[in-house]
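Worksheet: the structure to be examined is printed underneath.
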């Protein structure tokens, strides 16, 4: 689950980290009022969406009057912002962050992720702030500095000082950076985060450090023990199909192809997508119905897949272990009848009662193509999607 920038900065402030004075507003009038509350003669206004690249898309602007702040809010509130990280529809803007202006001397980067190989929280810092850190890591990996956090003792001040020295910070800046580093590490652990970024972490003209941005991603598996963060969830930023799938405990990720995939098991689902690609097809989604694939869940899975107008054929690949293939076959038949599937459906069943499942499908009288193997299934569904 992602947080908006203004929500991330609220958490930063709770941990005593330096952030700009600002207000999240949802009307143009409140945007003008926020300028009065903040004071000064210049403000930064930012459209709040769960996507990067807002500045280039016109979603971030420096304004010099309350009227300009109000006009910016009128321009974006209730509209969709399209950036390089969104699809063609963009994401809806329901909040505008109005902030005080910051005099920037230099931009740094500071972030943290859970490193799966070391099973530790790893902090990354760089002098290349304000740009895409993935590009920095690819082009100039030597510019990425790292500090691994021991889960037994947590982040240590000496690690912050070491990073600060390597970043070229001096004097009181080292103390400030260490405070930010330790605070972010505590926040990361306290709130079960999966990713945290301050990009950029800036050195102001007066020499002080300042968190100019906040990107936070929470481990969704830990939300049950983070009620405060659950309450911050903005469902308007979620893909509608993915939100529907979550309600039915289906693992769904929308993609850009035209072949819908329904599979039980994440590994088998990835393998299915690979073999579809191998035979010239493009998957429209990743969908794992899990081990408890009931008729109801299969029906909802079909609804989700077919809500994508790009889908020209559906491949159902089930390995029957705990779940019997004949029961899955009945679920598929019921779902096809209920949903009114108009595109070709290719089904490959293997494992527990696979032959009986194939027989049930054959006797259904529906336009369901039974495949004899995974390769056959991939070839059949690619042909079907091409109208052959």
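Note that Cβ sites are derived from N, Cα and C of the backbone, with glycine treated the same way.
What Swiss-Prot lists as domain 'ATP-grasp' is 9-244.
If you look up Swiss-Prot, you'll see 46, 53, 54, 55, 99, 102, 107 marked as ATP binding site, on the strength of sequence analysis. All chains included, 17 other C-beta atoms sit within 10 angstroms of the C-beta of residue 107 (ATP binding site). DSSP assigns residue 107 (ATP binding site) to a strand segment in the three-state reduction.
When secondary structure is read from DSSP and collapsed to three states, residue 213 (Mg(2+) binding site) falls in the coil class. Remark: residue 213 (Mg(2+) binding site) has 5, 197, 198, 199, 200 as non-local neighbours, by Cβ distance under 8 Å and separation of at least 6 in sequence. Annotated Mg(2+) binding site per Swiss-Prot: 199, 213, in sequence order.
Sequence annotations record features per position, and here Swiss-Prot assigns substrate binding site to 264, 321, 322, 323. Within 10 Å of the C-beta of residue 264 (substrate binding site) we count 25 further C-beta atoms, all protein chains included.
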Pairwise CA distance, residue 102 (ATP binding site) versus residue 264 (substrate binding site), rounded so that it is a whole Å: 51
Confidence summary for the domain 'ATP-grasp' (9-244), mean pLDDT rounded: 94
Protein Cβ atoms within 10 Å of residue 54 (ATP binding site), excluding its own: 21
Binding residues 264, 321, 322, 323 (substrate) - maximum C-alpha distance in whole Å: 11
Sparsest-packed of the listed binding-site residues (102, 199) - C-beta count within 10 angstroms: 102
For the binding-site residues 322, 323, the one whose C-beta sees the most other C-beta atoms within 10 angstroms: 323
Same chain, 6+ residues apart, C-beta under 8 Å of the C-beta of residue 99 (ATP binding site), given in sequence order: 20, 21, 22, 38, 43, 44, 45, 46
